[in-house]
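Asker: Take this structure, written in structure tokens, and hold onto it; I'll ask about it next.
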Amino acid sequence: MQPSEKKSIIAGLYGNALEWYDFLLYASFAPIFSDIFFPTNVHFLSMIATFTVFAIGFLVRPIGGALLGHYADHVGRRKALIASVAIMTVTTTCIAFLPTYQHAGIIAPILFTLFRLIQGIAIGGELPGSATFLIEHMFNYGRGFAGSLVLCTAFLGIFAGSLTASLLSAAISYEQLADWGWRLAYCIGGILGILGIYLRFKSVEPSTFLQEKPSEELPVKLVFTRYKNNYYWQSFVPAFLQ
């Protein structure tokens, strides 16, 4: 295996872990988000609104997979993965600096929901995209092992996100966490995202992809025609089981 291929594998794994880190922060800070973005007189309703937005991120993941998958097939695996981690980095940074409902009114939850939707699209293309990228790079060195690394790094990102939230919760008061602590966690994700973009810019396309001819089919169209039932089951069931 060439040194450039090893760097590409690291870039693929790093970006995947980073995106799941950013995604997991939402679940960890959901009680805070319910207070600052969806305040109501009934806390239960605020939590329902918060987790509805969380579910939206899962509902659009198949669409993200189809969009970024189509882009990867026609433009390149590397560029698609750069796009996915760049989208997550930008949206994570934007969330870190969002005004609360108290300061911006209804604009705050609207923007918050929009950024979450975009994050869902990005992560929907990240997991299958990074898996394909790694398997094609390790086509002759253990494809099964390469595929397993994708899920391993996803769980590593989930652990890192949970650990960050736990450390902040233990180190500062709830008032400080609600004021600026959660923003710090998202800023860390944005900084790490810049490194992820750099690593993926330095990666190379898999040689097996360069030898293939791009497909003429439109994955987005197929999702809602040939595989629409699969889309409904794979989107709604995980969203409501989270």
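For all residues, glycine too, the Cβ spot is worked out from N, Cα and C.
Pasting the feature list from TrEMBL:
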DOMAIN    8-242  domain 'Major facilitator superfamily (MFS) profile'
TRANSMEM  20-38  transmembrane segment
TRANSMEM  44-68  transmembrane segment
TRANSMEM  80-98  transmembrane segment
TRANSMEM  104-124  transmembrane segment
TRANSMEM  145-174  transmembrane segment
TRANSMEM  180-201  transmembrane segment
Asker: Of the listed stretches (20-38, 104-124, 145-174, 180-201), which one yields the highest count of Cβ-Cβ distances below 8 Å with the transmembrane segment (80-98)?
Answerer: 180-201
Asker: Sequence-remote contacts (6 or more beyond its ends) of the transmembrane segment (145-174), Cβ cut-off under 8 Å?
Answerer: 9, 12-14, 16-25, 28-29, 127, 130-131, 134-135, 137-138, 181-182, 184-185, 188
Asker: Grab the same-chain neighbours of the transmembrane segment (180-201) for me: Cβ-Cβ under 8 Å, and only residues 6 or more beyond its ends, written as numbers and ranges.
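Answerer: 7, 10-12, 14-15, 18, 21-22, 25, 29, 32-33, 78, 81-82, 85-86, 88-89, 92-93, 95-97, 161, 164-165, 168-169, 172.
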Asker: Restricting to the domain 'Major facilitator superfamily (MFS) profile' (8-242), report the mean pLDDT as a whole number.
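Answerer: Across the domain 'Major facilitator superfamily (MFS) profile' (8-242), the average pLDDT comes out at 84.
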